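Take a look at the structure set out below.
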Amino acid sequence: MDKPRHRPWLALLVLGLLLPSCLSQTTPSNSASPSVTPSPTAQADRLLVRLSGYPRKHNEGRVELFHKGEWGTICDDDFSIKNANVLCRQLGFVEATGWTHSAKYGKGQGKIWLDNVNCNGGEKSVENCQSRGWGNSDCTHDEDAGVVCKDERIPGFVDSNVIEVIESKLNKNYRRFTAKRKRPVTEGVVEVRYKDGWAQVCDVGWTVKNTRVVCGMLGFPHERKVNKNFYKLYLERQKSFYYVHSVACTGTEVHLAACPLEFNKPNSTFSCGGSAAVVSCMPGPLFMQNTGLKKKLKTSSNVRLKGGARVGEGRVEVLKGSEWGTVCDDRWNLQSASVVCRELGFGCAKEALTGARMGQGMGPIYMNEVKCVGTEKSIWNCPFKNITSEDCQHLEDAAVRCNVPYLGLENSIRIVGGRSGYEGRVEVQVGSKWGTVCSAGWTTKEAMVVCRQLGLGYSMHAVTETWYWDSSNVTEMVLSGVKCTGSEMSLSQCQHHKIVSCQRAAAKFAAGVICSETASDLALNASLVQQTEDCLSKSASQANWPYGHRRLLRFSSQINNIGRADFRPKAGRHSWVWHACHGHYHSMDIFTHYDLLNSNGTKVAEGHKASFCLEDTDCQEGVSKRYECANFGDQGITVGCWDLYRHDIDCQWIDITDVKPGNYILQIVINPNHEVAESDFSNNAMKCNCKYDGHRIWLHNCHTGDAFSDEAEKKFEKYPGQTSNKIS
């Protein structure tokens with residue numbers, strides 16, 4: 001059977017899927033990429049560009065263009081940094097930092113679409129630049145051009161290389177026993193978008209591997225056996241048109257478009273000989289609430305995602321022994337990323353991210369060059385190399401974005417009145433009524449949930465007075481007493497008053513948010529605290545206690561910003577406080593808590609909570625300092641830098657004069673009130689085993705709050721003061 005030139009759009013009855021090109025990471029560099037046709041509208045509006053090849057990071061690679069239904073490359077003749085700037089902006093990066101020639105990222109396949117490209121640098125698309133014309137080239141693929149883009153995204157850029165998921169219109173017309181369909185929808189008839197309507201897929205030869213791929217792209221980790229008799233009456237009443245004759249997936253593909261497909265030729269008299277393909281999927285634990293399913297899938301306990309703003313995305317961390325570590329991004333691809341996604345209860349991967357796109361981890365890096373096939377139950381079952389100190393740094397931490405089931409949560413919340421699409425007054429839908437939210441008790445945690453629900457990234461600020469935003473269309477207040485943990489998927493999952501009660505119900509006191517695609521992430525250097533274990537003042541042991549003197553526990557702390565945005569104080573410069581003894585301004589009233597706890601977690605000594613000045617004491621190689629305390633300078637901590645407080649300064653100590661000898665836990669918490677938003681608050685706390693004999697103190701097993709497994713953490717708290725540096 002002849003195949004048409006263009007692939008169709010693929011969609012499903014349960015959910016429709018827009019199909020831009022997202023498969024550049026699914027195929028090795030020495031094989032042809034699948035030919036996938038994007039939306040005619042999207043194709044007309046914007047030329048699709050992607051980066052391919054190996055080895056590469058997410059922001060570099062061989063340039064490929066989608067033209068006339070086929071992917072092709074650009075020849076490096078007359079290529080320049082101006083060309084690279086135009087291409088990088090098309091890909092959503094702010095600019096280019098370089099370009100490559102002579103097929104540095106491997107030779108491409110198929111057409112060489114452009115040659116002798118000459119851009120002035122200001123064009124919106126490479127197709128607007130001068131060239132020899134489409135397909136007119138005297139080059140070979142040995143001359144394929146590549147680009148290196150600056151790893152900074154254009155604000156608000158919508159990535160055309162990401163699969164977008166929407167609800168199918170046919171979904172509402174489908175007959176079920178229940179009057180109202182609950183989300184997520186877990187089964188239905190597979191249909192493909194054809195012209196202005198929908199066409200079905202013949203189920204002759206349909207396999208469980210095909211179902212696995214469909215379920216994965218819809219956000220489900222596994223397939224289930226489906227009762228086709230349930231759909232028989234519906235299908236018999238439909239006038240079926242089968243546009244896809246057969247599908248032959250291997251089960252490792254991340255999208256149905258990557259599977260071999262056979263299409264109906266126009267004006268043919270094809271007869272299916274069967275029925276329409278139907279699938280049923282098993283949701284992960286996070287999405288089972290409304291499904292009525294009793295059997296709950298078990299997810300991995302030795303793999304986790306950290307630092308992501310949305311559900312199903314984050315830096316990949318794996319548990320070895322009792323300590324968490326990261327994965328290096330060498331050879332990181334969609335197959336390996338999909339194994340991680342599925343074992344955590346999500347679908348297959350949308351993106352396999354490199355270059356610490358979800359922030360840098362701390363501690364060990366356990367894996368390098370992971371090579372999953374895609375059928376493994378865990379990343380630990382995939383071949384990988386162990387790490388040596390020369391192999392990788394945390395700048396190369398791998399991350400994922402997973403497909404998750406469509407829940408429609410964004411339809412019940414909106415932000416209005418702001419000066420841009422990332423900020424505004426929060427309005428929610430309660431029943432059929434839209435209204436504002438009371439700002440009493442409104443904190444960063446609630447704002448985090450709002451930004452996540454809207455898909456707008458991280459919360460930068462929880463706004464409690466919105467008088468300076470447009471209030472011409474302000475509605476009445478419909479929600480109050482909102483209290484979230486910060487991990488919820490929607491505001492409706494947080495605690496709130498049954499009846500609205502708000503002392504400041506005026507429109508100017510409605511809750512608002514400012515969201516951002518990036519956020520800071522502070523983490524303490526645990527080893528530095530442990531190195532300053534004998535940190536009493538020099539005269540303490542000779543003092544005539546307790547007359548006239550106090551005994552102080554003093555220690556050093558190094559606070560690293562491992563996130564993707566600078567950490568800036570919430571207060572403006574006008575409210576900073578001058579400290580004469582330190583000779584500079586302090587920008588945060590409470591930045592760190594220091595406490596000594598007993599084995600029951602009871603506080604036995606409380607730290608001195610001085611205000612702080614934030615600055616870059618030192619930075620990673622290649623990162624420049626931006627903040628300093630002197631001369632009323634700007635304050636903050638740059639990404640890749642740290643602020644160091646030594647044990648011999650006066651603003652950091654715990655008074656232990658009244659503490660009896662024994663075993664304790666030293667706990668340090670930075671940004672304790674969450675005044676400044678971060679991508680991950682779980683690593684803001686640090687604990688150390690602390691043994692005190694009345695004169696000296698020994699610190700052991702210092703670690704951030706999320707560095708150890710839950711079991712090891714329980715042992716740590718049960719047996720404080722142990723001398724082993726490793727919990728097992």
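In case you wondered, yes, glycine gets a Cβ from its N, Cα and C as well.
TrEMBL: automatically predicted annotations, no manual curation.
According to TrEMBL, the feature signal peptide maps to 1-24.
Annotated domain 'SRCR' per TrEMBL: 49-150 (among others), in sequence order.
Around the Cβ of Cys75 (disulfide bond), the number of neighbouring Cβ atoms within 10 Å comes to 24. Per TrEMBL, disulfide bond is recorded for Cys75-Cys139 (among others).
Its Cβ taken as reference, Cys149 (disulfide bond) is surrounded by 26 other Cβ atoms within 10 Å in the chains shown. What TrEMBL lists as disulfide bond is Cys88-Cys149 (among others).
Every protein chain shown contributes to the tally, and the Cβ of Cys119 (disulfide bond) ends up with 21 other Cβ atoms within 10 Å. Annotation comment: TrEMBL describes Cys119-Cys129 (among others) as disulfide bond.
Residue counts for the domain 'SRCR' (175-282) under DSSP (helix as H, G, I; strand as E, B; rest coil) come to 22 helix, 32 strand, 54 coil. Here TrEMBL flags 175-282 (among others) as domain 'SRCR'.
Listed in sequence order, Asn210, Val213, Val247, Ala248, Cys249, Thr250, Glu253 are the same-chain residues at least 6 apart in sequence whose CB falls under 8 Å from the CB of Cys259 (disulfide bond). Taken from TrEMBL, the feature disulfide bond applies to Cys249-Cys259 (among others).
What TrEMBL records for 303-403 (among others) is domain 'SRCR'. For the domain 'SRCR' (303-403), residue counts in helix, strand and coil come to 16 helix, 33 strand, 52 coil, using DSSP.
What TrEMBL records for Cys328-Cys392 (among others) is disulfide bond. Remark: Cys328 (disulfide bond) has Ile365, Met367, Asn368, Glu369, Ile387, Asp391, Cys392, Glu396, Asp397, Ala398 as non-local neighbours, by Cβ distance under 8 Å and separation of at least 6 in sequence.
Residue density at Cys341 (disulfide bond): 31 other Cβ atoms are found within 10 A of its Cβ, drawing on all protein chains shown. The annotation disulfide bond is assigned in TrEMBL to Cys341-Cys402 (among others).
Under the heading disulfide bond, TrEMBL lists Cys372-Cys382 (among others).
The feature domain 'SRCR' is assigned by TrEMBL to 413-516 (among others). Assigned with DSSP, the residues of the domain 'SRCR' (413-516) fall into helix, strand and coil as follows: 17 helix, 35 strand, 52 coil.
Within the same chain, the residues at least 6 positions away from Cys484 (disulfide bond) whose Cβ sits under 8 Å from its Cβ are Lys445, Glu446, Met448, Val449, Leu491, Gln493, Cys494, Gln495, listed in sequence order. For Cys484-Cys494 (among others), the entry in TrEMBL reads disulfide bond.
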- Note on the structure: Quick tally over 49-150, 175-282, 413-516 of CB pairs under 8 Å to the domain 'SRCR' (303-403) gives the top stretch as 175-282
- Please report how many Å separate the Cα atom of Cys129 (disulfide bond) from that of Cys88 (disulfide bond), as a whole number. 14
- Message: Within 10 Å of its Cβ, which one of these disulfide-bonded residues (Cys129, Cys139, Cys249, Cys402) has the largest number of other Cβ atoms?
- Response: Cys402
- Residue counts in helix (H, G, I), strand (E, B) and coil for the domain 'SRCR' (49-150), per DSSP? 16 helix, 35 strand, 51 coil
- Item | Top Cα neighbour of Cys382 (disulfide bond) in the set of disulfide-bonded residues Cys75, Cys88, Cys149, Cys341 | Cys341
- Message: Between Cys372, Cys382, Cys392, which of the disulfide-bonded residues has its C-beta surrounded by the fewest other C-beta atoms within 10 Å?
- Response: Cys382
- Winner by Cβ contact number (other Cβ atoms within 10 Å) across the disulfide-bonded residues Cys88, Cys494: Cys88
- Note on the structure: Taking only the CA atoms, the spacing between Cys402 (disulfide bond) and Cys149 (disulfide bond), expressed in whole angstrom, is 24
